Structure formats: structure tokens, C-alpha cells
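J.: Dropping the structure in here first, questions after.
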């Protein structure tokens, strides 16, 4: 497969994933915006931070290491032993849900029952929903190992949408139920998710004419249940030991991934109301990163990994491959920089309006606008870091990756301390400032690696981080005009003034994009040639 074909494939994968996620997120976005109108920020904080952390921690401790170990060995194996090992996640899930549930009820601060009723029931049902989801683990791993991509997308999308619909219905008709609403909706979500996988495999294995049966290691639905294998071994001990290794490696990563929630939950740096507002703003701000930057990062990581030889100096590789990789990296960095700057500049003047439209006064008053403005700066760093790290991890040798991960571990540990100190000093915005600091260090490390990688070659992909003075001036002018517009037109002047503020922003955005179109000709050519390639009909399993 040639470089151009690989590049086109990566670009099509990014754009198709982007379209699919936009459609899915749009539906849930509208439903969640409706639900927020009927909730207090305290309930949002308890559900989105406290109870969701219980659910995610239980799942992580019970299944994450099993997933990584059982997906590491390819499809040619004794699947009976692998499936038996996966069923051990269920009793583990029961243990962790009971243990963590006791901590959540006995050791952590309990919310005021007059403000957040039925907290204990919420803890029990969120723990139960984690156990229910683990019942589908063997089906999930089998589907992932055999690339049933469409099944995963449909199952997760359908579950989340139905959960949001049920939550909206209960909030509208039975608002006094409190945490009962979200607990039942969570249990409903995991039940639907598991049923999607069970029903799919039941129908698939019941259709002998299906071509997919030829690739599956099971022929009946009962083969997916625990059973003693032919050689008498219940599990593959090699996989079991690998699971334990992955568990030790992943445990600290989980603490760091959910670091903000653990700091909020165990150190009480924010009250439940502030936790709720922060979590909503965090999810809203990260929406752009998940929709746009993540598909690009994942797809072009595959491209760089295929084109470049890992751990080999650029001067010792095929120069055509090095040149193509440099050109793509240059264009991606420029795209990330422009997208991030656009979000930062325009997000500053439209954060309050966006929060008011999305969640009403609960979000647009208080700390919400300051949080979202800070997050817009963080999105800029996220965009650049996503591109630089996808190249870095594709080009590094194994030893360099190990060293990088060790440094990242130290940085992430310092992030927990820094987030605690900054939150004590400046409230919930301290979490975002700590994230910005952490992301800045990561970007610096990746930029240093890229500079060293291309130092002896004629290619300078990092030059794309310099923008033309005309475009920088347009960004600055647009930021100034929209900031003045916000002062006079938003957000207490009524809808006519708001619409005028939006019109000012649309005009400035058009002028900025037009300037970028005229000045960044190389990037425009890249977008036209790669994202505009006629798509072949790719059948997804």
C-alpha cells in the first residue's frame, strides 16, 4: 500500500469518524440541554462526579486489565479459556461495587437529603449497573477482537440516547424522585448495552448462512458461557499473569485519568454545586476535542506508524516517506493551531451566551463563564498536543516511549498536587489551570523530540506554528470586536441584542476564515487533496 493510499485512508477514517460522532453527540447534546433546565447544580454534581466516579472506578478495577490482556493475543487462541477468564470480571465487580459502595456511604461526605434525596439508593444502583455491564464483557471482547465495529457504535449510541430519553421523561414528569431518576436511567443504560451484544450474537449464531460465522471461535450462544475446556484448564494462566501485569500498570493511570474527580470527591475542595458546574463546563468544553481532534489524532497516528520506521533516525529512512510524514505533520500542526486559536478567540466572547443557551442561569451565572473561557485556552493546547503526540508516539523507539511514560507519570503525579493547591487558591478554575500547565509540559517534550528527529533533514514541520502577521492581526481584531460586542449586547439585553452579538461574531469569524483561506494556501491544498478524495465504499463489519 503506497503512502498516498495510506494517507487517504487515514483522512477518510478521520472524517467518517467525525461525522458519526457529530450526529451522535448532537442528539445527546440537545437532550442533555433540555434535562439541565429542570435540575439543581447540586444534583448534577452528585450524579456526574460522585456517583459516576463510583461506577467508572468499579468498572476499571474489575475489567480494564482483563480487556487489555484478552485483546493482546490475536484471534488464534483457545477462546474457551479466554472467555472463562473474562467471566471472572463479574465476581470481581460484585466485590469492588460492595467495597467502594461502603466507602461512598460511610467514609465520604453525604449530601444534604433535602437538597439531594435518595443518595444511598443512588450508590447501590450505580454499583449494580456496573455489575450488570460486566455481564456483557465476554461479548464485548469477542466483538472487538473480530472487528465488529458497527456493533459497538450502534450499541453504545442506542444505549446513551435511550438513557437520555428516559432521564428527560422522568425529570419532566417525576422531578421529586431525585437520584432515583438518574440511578434507574443508569441501570437502564447498562441493561440495554448488554442486551444489544447478547441479541446480536444470538441472532448471528442462529444464522448458519452468515459468512461471519467462519471467523468466530464459537458456534452456539452457550459456548460463550463459562465451561471446562478439553485440556481441563479453566483459564489460560499466561493470560491471567498478563492481566495482573496490566492491572499494576493501569492502576495509577486510572487515578491520574480521573484525577480531578478523585480530588473533588476525597479532598472536598469544591461543594457539590461547584462540582456540578465544573463537570458540565468540562464536558461542554471537551466536546470539540472529542469530536474534531480525537478522530484526527487516532487516524493519523496510524498513518505515521505505517509510513515511518519506529526508533530509526530520519536520515536512515526512505526519504520519500520522511518527506511525506513531514508535510502531513506540518499541515496537521497548522490545522490544529488555527482551530485552537479560533476556539480560544471566539470562545472568550461567547462563553456566557453559550452556557445561557445550553443550561440557563444555572451555568451562565457564577463561575461558569470564567471556567469555559479558561477551557477555551486549554482546547488550544489540547489541539496542538494531540498532533505532536500522535507523531511522537509513532516515531519513538520502545525505549524512548518507556522513558517518556516515566516522565509523564511524574508530571501527572505533580498535576494532582498542583490541581489541589490551585483549586484551594482560585476555585474550580484551578483544575483547568493545572491541566494547562501539564499540557504545556507535554507539548514542549513532543516539540523537542520532533525538532531532534528532523534536525539533520531539510524538512522543518515545526515552522507551521508560525502564522502570518496578517492572520494574527485578524485574530486580534476579531477578539477585540467580539469582546466589545459582548459588553454592549450580551447577555441581559434580550434576544434581539443576543442575535446582534451572534451576527457580529459570524461576521468576524467569516473574515478570519477568509484571511486564513488566502494566507494558508498549503493547508488549503492539503485539505482539498486529502479530505476531498472521492470515497470508496468501505464495508464496515
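In case you wondered, yes, glycine gets a Cβ from its N, Cα and C as well.
In TrEMBL, annotation is done automatically, which means it is predicted and not curated.
Note that the coordinates shown come from a computational prediction; the quantities given were computed from them, not determined experimentally.
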J.: Which residue range, 83-107, 208-232, is the one TrEMBL calls transmembrane segment?
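T.: Within the set 83-107, 208-232, TrEMBL attaches transmembrane segment to 83-107.
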J.: Please identify the stretch among 43-62, 83-107, 335-355, 406-423, 429-450 with the greatest number of Cβ pairs below 8 Å relative to the transmembrane segment (180-202).
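T.: Selected stretch: 43-62, with the most Cβ pairs under 8 Å.
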J.: Give me the stretch from 43-62, 119-141, 429-450, 470-489, 495-518 with the greatest number of Cβ pairs under 8 Å to the transmembrane segment (83-107).
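T.: The stretch I would name here is 119-141.
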J.: So which of 119-141, 153-174, 406-423 has the most C-beta pairs under 8 Å when paired with the transmembrane segment (43-62)?
T.: 119-141
J.: Do at least three CB pairs under 8 A connect the transmembrane segment (429-450) and the transmembrane segment (406-423), leaving out pairs fewer than 6 apart in sequence?
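T.: With 3 or more qualifying Cβ pairs, these stretches touch.
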